[in-house]
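As given in TrEMBL:
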SIGNAL    1-20  signal peptide
DOMAIN    30-130  domain 'C-type lectin'
DOMAIN    156-274  domain 'C-type lectin'
DISULFID  288-315  disulfide bond
DOMAIN    288-396  domain 'CUB'
């Protein structure tokens, strides 16, 4: 095999350098991304789907040294990789990284054999392959887990999850999660519910935890604005007599372990934060220009969010969609005082607002337009205080 000495060094370092990978069967040659060859027969498309289920993609290769380092993994196999070519010069990697290195046996793809690629031979060269023809092995590449999540967070299905051991009320807990770039946990299937339950049990706190449930007027929402499409309430719940917020149970006082119950929002408990992988704590600038322009959907924050709202501010936001479309704006988080207000207008005119928001509002509160433009005006006074607001908008 190529570069025998380098290969031996990589092989001897295999277990020591796999830190941050899911387990010791994955290989990381330099503490960076993790690699694994799967001896499973699949087509190119099936193999890519399998790698995605591992939170990665079919492998991409970007240098001779990187290919050398993978040689001990490859051995005598001929694994599929993530390259696909539409011509002898136009190739793309499934993970979206640049096509900046190749090692084709004949110097370029041989498209008569297929547009996909596998490795083979002593020099781990690239061979063209029919994408629909199964191959008996493939190699996946995933991000090193120590890189994708902040300290204290664990990776789970593209997100980072943390059990916070400092007891807080639900609103304060949500605020802390937002500061770190996420929200209190929302749960949309049994597997995720089990994962959060086991993570909470493993923390050793022996306490139930706040999750992002809100139950106002028998309308259940999540603080991150996601759909309420799964439920795991205890027998007596939901029941707002016991409170408007939700907790995940790891004690059996209110139901079985893993179930949910209502609880007063000011009850101080541990809590579970969830944020996207790669997201760091975020803070909106304290000052805003006179007009900020956004189009085709996104997230808008008040100045200073989520730490504080600045006093004596006048901020304008223009949200736009394609002609013929309309807009919807919802608020996963909204906490300002009564002297501050956010006015929303259907179009550019400021004569008649469709909504004027102040104080606190139900999580997920939504405003719709009849036009393709919405103008928002946020005003504070010398007495203003509060965390601010987060607005999600999308086109319809």
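These residue numbers are counts, starting from 1, taken along the chain as shown.
Any Cβ shown, glycine's included, is placed from N, Cα and C.
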**OP:** Please spell out the DSSP helix, strand and coil residue counts for the domain 'C-type lectin' (156-274).
**Re:** 26 helix, 40 strand, 53 coil
Subject >> Secondary structure content of the domain 'CUB' (288-396), with strand meaning DSSP E or B >> reply: 0 helix, 58 strand, 51 coil
Subject >> Integer average pLDDT (0 to 100) for the domain 'CUB' (288-396) >> reply: 86
Subject >> DSSP helix/strand/coil residue counts for the domain 'C-type lectin' (30-130) >> reply: 24 helix, 29 strand, 48 coil
